[in-house]
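Below is one structure, written out as structure tokens, with a few remarks after it.
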Amino acid sequence: MAEKQQAVTEFYNNTSPRGAWEFLLGDHLHEGFYDPGTTATISGSQAAAARMIDEALRFANIYDDPSKKPKNMLDIGCGVGGTCVHVAKQYGIQCKGITLSPEEVKCAQGIAKAQGLEEKVSFDVGDALNLPYKDGTFDLVLTIECIEHVQDKEKFIREMIRVAAPGAPIVILSYAHRNLSPSAESLKPDEKKVLKKICDNLALSCLCSSADFVRWLTQLPAEDIKTADWTQNTSPFFPLLMKETFTWKGFTSLLMKGGWTAIKELLALRMMSKAADDGLLKFVAITCRKSK
């Protein structure tokens, strides 16, 4: 477990703080949300990444209504703080982010300070499987493209539920593999091989299915569980990624700021694009509320 955590920490220490993908995503370390069939553009990529956050909150019925919106939020796997900064600015919610990477925390603190949000946003170094917060601390618990790095996803979700206040919404955005057919016990060997290559290059532990997420949540104090397949909403990102990273600006940004780690990430993202086209890889949204 410690070895896996160290690999994830080094992965993000080596890529995100130095901005290997900054030219494409800005302060966000996740894909954007697009209308299906849209042609993604470099000029709109950062707005699409911010829209992903807004769509996640909308999916969880978070309203910009002072009487209904959460007072505070926890972002697990916060990266360089883009989600926390966006939510604090757009919704006025007090935000806390947590990540394994000390370098990401330093970068996130700098971004929050530059936005004048030191009083609204803060960041901790910590483990998602052992969150350093009391039970029922947060009115909203969110994670975007983080749980893929964790082997024990059920424990990750238990921790999300634990630190959520009664009735608080919980939101998970994650890559996942396709759901199995009723007669299948596992993915096909060639599918497993593809996913292993992707996971190895991105410091991911493994991928599960959206059905797995639902199964784990039904065993916990969670209600109003719902899922959505957003694969078509993220797929426009991949052609843009391939186009822009092979420009001089894109390639030098990857090579100079991210080095070999970022190049491996690019290769994995190319495999992800094909796996999504083949129906093997999905981008899923899951939300629920902690039972009162």
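The backbone N, Cα and C atoms fix where each Cβ goes, glycine too.
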To which of the residue ranges 21-30, 71-80, 121-130, 271-280 does Swiss-Prot assign the term region 'SAM motif I'?
71-80
Given 161-170, 201-210, which one carries Swiss-Prot's region 'SAM motif III' label?
161-170
If you average pLDDT over the region 'SAM motif III' (161-170), what do you get?
98
